[in-house]
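Worksheet: the structure to be examined is printed underneath.
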């Protein structure tokens with residue numbers, strides 16, 4: 001594993017707000033506060049002492065005539081045929097790929113105008129037929145991509161909707177807002193359209209608060225919000241589903257134990273989306289983005305008593321305001337930690353389709369690219385019906401999601417065991433103090449707006465799971481610091497208020 005911050009002029013030294021890899025190549029698209037969208041080719045020369053390179057290929061609209069304000073998010077469709085971009089002011093543009101004599105070009109296919117305030121996040125349906133957007137106008141909108149029309153408007157949030165995720169199996173949409181709630185919408189089809197069921201998403205769960213048992217039994221239980229409020233110093237809360245749809249990871253988590261406040265992310269099992277199943281280790285800064293590696297890996301067998309009962313390993317990245325953590329479903333501690341990556345807040349994460357590269361964008365105007373060696377993350381797991389692939393890499397073809405059993409959380413273990421040795425992708429000896437992970441197997445969903453369920457009380461230090469006490473595990477993690485170049489003082493073209501600069505330091 002190698003990587004670092006590439007000192008190139010990404011977006012005229014202005015904040016890079018989003019990025020995404022094309023699903024059938026190593027083309028990287030970036031969006032910035034300069035109103036532009038750029039396409040880069042990511043590659044490496046195989047040398048151990050050099051960083052991966054990003055070569056500028058072209059801008060989608062060189063004259064910046066498409067978006068007239070900062071572009072906050074962009075996402076390629078799973079088919080690779082479309083690219084969606086959302087900007088300040090509420091505009092969304094669908095770009096369509098066109099082969100040319102010179103190679104390729106992306107041309108405007110549809111302009112989607114219905115949001116009346118900034119669009120902060122986007123997500124495609126697994127078949128590339130629909131797109132869901134999240135906006136500062138407190139709503140999410142489902143769009144029919146081929147027609148560029150509004151299919152359904154999802155309302156209910158009371159503040160900015162800063163993240164949205166579409167279940168790869170097509171059954172759920174999840175949204176996360178600065179009103180401190182996460183809403184889970186379930187597809188309840190109504191009638192048929194052109195011999196196909198018409199999508200109709202209905203709110204099934206609203207996650208708001210959790211109730212903890214008070215140590216003093218004479219006092220009432222303690223209620224606490226699950227998520228940060230609107231003072232979170234980021235415009236993004238990018239949640240994500242696993243590639244197989246078995247679980248959902250929610251950023252911007254906030255856990256209070258006694259007087260201590262811990263930044264966290266919650267893992268939701270598909271079997272029960274009314275409450276978190278697992279709470280990730282506390283981070284020093286708020287978690288703002290989650291992105292899953294599109295490749296599934298064969299088990300390593302390093303932790304047969306792990307929390308996830310899957311036939312394969314799933315790898316995902318979690319970004320705080322200033323650090324990057326990479327987890328897999330077979331180990332409790334992160335397999336990789338990068339601290340102090342940028343001088344300003346991290347805004348987005350992207351994986352290449354073959355798991356060779358991972359990219360991170362930041363408001364300091366730079367991007368970090370991390371390269372993994374062949375099978376460094378593991379040997380690819382081939383789902384039934386998928387084609388055999390070359391050793392160490394996956395072919396960049398889009399695979400149809402396979403319906404699988406939901407994630408199973410092991411509730412029989414008496415406690416969470418710490419790995420005796422680092423499970424490592426280039427992890428050095430521990431440099432950080434310990435951090436905690438909690439399995440919230442009986443964590444109450446708090447206020448469930450659409451289904452009345454009785455909250456389950458949870459002790460702030462121990463969780464009753466099948467009559468066994470599950471205690472917090474103490475986990476050392478390692479840190480690698482790759483400081484970026486100094487941030488220019490040029491003002492951003494974004495209409496957003498200026499953010500406080502974050503000085504890059506290792507987590508202490």
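Including glycine, each Cβ sits where the backbone N, Cα and C put it.
Look at TrEMBL and you will find 5-377 tagged as domain 'CAF1B/HIR1 beta-propeller'.
Same-chain residues lying 6+ beyond the ends of the repeat 'WD' (16-44) with a Cβ under 8 Å from its Cβ atoms: 10, 50, 52-61, 64, 66-80, 83, 85, 87, 95, 106, 294, 347-348, 350-354, 356-357, 359, 361-363, 365-367, 369, 371, 396-398, 492-494. What TrEMBL lists as repeat 'WD' is 16-44 (among others).
If you take every residue in the repeat 'WD' (64-96) and average the pLDDT, you get 94. The annotation repeat 'WD' is assigned in TrEMBL to 64-96 (among others).
Residues annotated as repeat 'WD' in TrEMBL: 112-153 (among others).
Taking Cβ pairs closer than 8 Å, the repeat 'WD' (154-185) reaches residues 120-127, 130, 132-136, 138-142, 201-208, 225-230, 232, 234-245, 248, 250-252, 273-274, 401, 403, 449 in its own chain, all 6 or more past its ends. The repeat 'WD' annotation in TrEMBL covers 154-185 (among others).
What TrEMBL lists as region 'Disordered' is 474-508.
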Same-chain Cβ contacts of the repeat 'WD' (112-153) under 8 Å, 6 or more residues past its ends? 72-79, 81-82, 84-94, 159-166, 168-170, 173, 175, 177, 179, 199-201, 235-236, 238, 400-401, 495-496
Kindly report the helix/strand/coil residue split of the repeat 'WD' (64-96) according to DSSP, in that order. 3 helix, 18 strand, 12 coil
